[in-house]
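Engineer: For reference, TrEMBL lists these features for the protein:
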type: TRANSMEM; residues: 67-84; note: transmembrane segment
type: TRANSMEM; residues: 91-109; note: transmembrane segment
type: ACT_SITE; residues: Asp119; note: active site
type: TRANSMEM; residues: 132-153; note: transmembrane segment
type: ACT_SITE; residues: Asp137; note: active site
Amino acid sequence: MKISNRNKILYLLTILVVLGGDLLTKTIVNHQMKVGASYELIENFFYFTNIHNTGAAWGIFAGHIEFFYVITIIAAIAIIYYFLHSNEDQAIFRYGLVLVFAGLLGNLYDRVIFKYVRDFIDFIIFGYDFPIFNVADMGVVIGMFLIIIDLLIGEYKQWKFNQSHPQ
């Protein structure tokens with residue numbers, strides 16, 4: 001595994017921006033808003049709603065913090081493994097892993113320090129109150145999206161190769 005100095009800096013900056021942005025925004029919201037308070041930013045669409053989530057999305061597995069510690073450790077090991085075993089030309093895949101890792105660290109920090117995750121970004125989309133989330137969650141979702149895109153590109157390239165080299 002080879003990583004250029006430019007990419008090392010990019011990956012480190014990405015982790016610092018996502019993790020720093022996550023912790024900073026959560027701290028600001030928690031100092032400015034009481035738990036359960038909601039502030040409407042865009043009418044009937046976008047709110048800051050301060051909640052303390054002891055579970056995952058939709059509050060599933062609420063109160064099972066040990067479960068999240070185990071899952072987080074397994075995920076971190078898997079991310080590091082796949083990153084170290086990826087190639088320099090897998091830039092989308094690597095960047096996706098870095099985003100997921102940064103998000104994982106942000107929520108792990110909350111779980112270790114507070115025993116819950118501080119969520120506040122709240123959307124109502126076509127009448128559906130989407131689960132409240134934070135910047136770390138955005139890193140995880142965007143990272144997973146990039147990983148899936150990379151996997152689809154790889155499958156497409158393999159398909160194209162197979163089409164041009166019939167057996």
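Placement of Cβ uses the backbone N, Cα and C atoms for every residue, glycine included.
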Engineer: Could you find out if DSSP has Asp137 (active site) as helix, strand or coil?
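Structural biologist: In three-state terms, Asp137 (active site) counts as helix.
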Engineer: Determine, from DSSP, whether Asp119 (active site) sits in helix, strand or coil.
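Structural biologist: Going by the DSSP assignment, Asp119 (active site) falls within a strand, counted as strand.
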Engineer: Given a separation of at least six residues and a C-beta threshold under 8 Å, show me what packs close to Asp137 (active site) in the same chain.
Structural biologist: Ala57, Gly103, Asn107, Asp119, Ile121
Engineer: Near the Cβ of Asp119 (active site), how many other Cβ atoms are there if near means within 10 Å?
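Structural biologist: Within a 10 Å radius of the Cβ of Asp119 (active site) lie 22 other Cβ atoms.
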